[in-house]
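What Swiss-Prot shows for this protein is this:
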- 72, 74, 242, 317: Zn(2+) binding site (BINDING)
- 72, 74, 242, 317: Fe(3+) binding site (BINDING)
- 81, 144, 177, 245, 322: 4-imidazolone-5-propanoate binding site (BINDING)
- 144, 319, 321: N-formimidoyl-L-glutamate binding site (BINDING)
C-alpha cells in the first residue's frame, strides 16, 4: 500500500526553473510540496506522489524561479548625493567634489549624524523596490560609519530590516572601506583600530556574518587588508573583498588565500587571480551597475571565469556614490549587454551563485528538496525574458519560506 505524504501546501501549474548546477533545468508544469517553509517534493505535476496538502495553490501559467538574492549592497547610509551626479555630468571631477566636502566623506558625515531610526526609514525606502522585484535574500554592508559607534549603528539597522520585512538579511562589516577624516594620513593607525576594536566588538555583539574590505590604491593596501582578514579570522568571521575594481593589486589572490566567500568587482583581475579563486572556491561577484555609472571600459575577465569554472554572481551594489541601483533585474540585462554573460549565467548570478557568495548554498539559491521554499512567480514564458526586458514585468507573486509575501 502506497503511503500518503502530508504537507502544509502544494503549488503547481507553472513551469519551474530550478537553477540546479547553475542551469535552468526547467520542469514543465511542475509542482512543489512544502512543509515548515521547506520544499519536501518537487517534480512534474503528472509524477506527483500521493499527497495530502492543507492548502493548494494553482498557477494558471508562467514561470517560477528561485527567489532572487542580492549578494552585495550598501543600502544603509545617510544623506543624498544626487547633486554630485549632476556635478559629474557637468564636468566636475570626483577629486574636486571630494575637496569640497563631497564624495564618500559627505556620506560618512550624514551617516554619523543620522539616528538609528532615520537610517532605518531611509533603508526601508531603498529595500522595498528590491523586494518588489522578487528579492528574498539580501546582503547589506556597513562602511559609512567608520567609527565604532556608527559602524555598529549601521549593522543594527541592517539586522532590523530582516526583522521587519519578509527577507533574509546577511550583514557584513566593511569598516575598512575608506579612511575617516579624523585618521587622515594615518591609514595604518585606522587599520589598528578596525582590527583591535571594531571587528572584535562587532563579533561580540553578533552583528556581522562576514568581514569585507576595499583593496585599492585609493583605499587600503594588500598588507593592510591582510591584517583585517587576520582579525576577522581570529573573530571567527568569514571574509570577502572589494578587489581589482580600478587597478590590479591582486587583492582577489589574497582573498583566495583566506578562502574568501567572494571577491567583488574584478574588472582588473588577472589569470593568476582567477586561478587562485578557482582553487579556493571563491565566488566572483560582478557589479555591472558600478561599471556602467563610472563609464568603465575594462570588463571583468568573463572568459577566464568560465575557463576556470569560477562561479559568477551578480549584485546591485546599491550605494550612494557609484551604483544608486534599486533594481537587481536591471543588473541581469547589464551583465548580458555589457559583460556578454548569457541570460542563464545572469540568472544563476542572482540565484545559486549569489547564495554561494553568502555561504547559503545549502539552503537557498535553487529549487530542490530540502531547500527553503523561496521563489518568484513571473508572468513570462521563457527565463531569458528576465534578462531581456528593461524594467517592467514585476513578479506575479513572491513566496518566502512557504508563504505568499504580501
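A Cβ is built for glycine as well, from the same backbone N, Cα and C atoms used for every other residue.
Map the listed features onto the structure and describe their local environment.
If you draw a 10 Å sphere around the CB of residue 74 (Zn(2+) binding site), it holds 25 other CB atoms from the protein chains shown.
Residue 242 (Zn(2+) binding site) carries a strand DSSP state (E or B). Other Cβ atoms within 10 Å of the Cβ of residue 242 (Zn(2+) binding site) number 31 in total over all chains.
When Cβ atoms from all protein chains are considered, those within 10 Å of residue 81 (4-imidazolone-5-propanoate binding site) total 20, not counting its own. In the three-state DSSP scheme, residue 81 (4-imidazolone-5-propanoate binding site) falls into the coil class.
In this view, residue 144 (4-imidazolone-5-propanoate binding site) is surrounded by 29 other Cβ atoms within 10 Å of its Cβ, with every protein chain counted.
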Output, ordered by sequence, the same-chain residues six or more apart from residue 245 (4-imidazolone-5-propanoate binding site) with a CB under 8 Å from its CB, or 'none'.
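Within the chain, residue 245 (4-imidazolone-5-propanoate binding site) has Cβ neighbours under 8 Å at 216, 265, 266, 267, 268, 290.
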To test your reading of the Fe(3+) site: which residues beyond 72, 74, 242, 317, same chain only, put their Cβ within 8 Å of the Cβ centroid of those residues?
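Close Cβ neighbours, site residues excluded: 73, 141, 264, 265, 287, 290, 315, 318, 319, 323.
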Can you give me the same-chain residues 6 or more apart in sequence from residue 321 (N-formimidoyl-L-glutamate binding site) with a CB-CB distance under 8 Å?
81, 84, 103, 104, 107
Out of 319, 322, give me whichever of these binding-site residues has the highest number of other Cβ atoms within 10 Å.
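Neighbour-count leader: 319.
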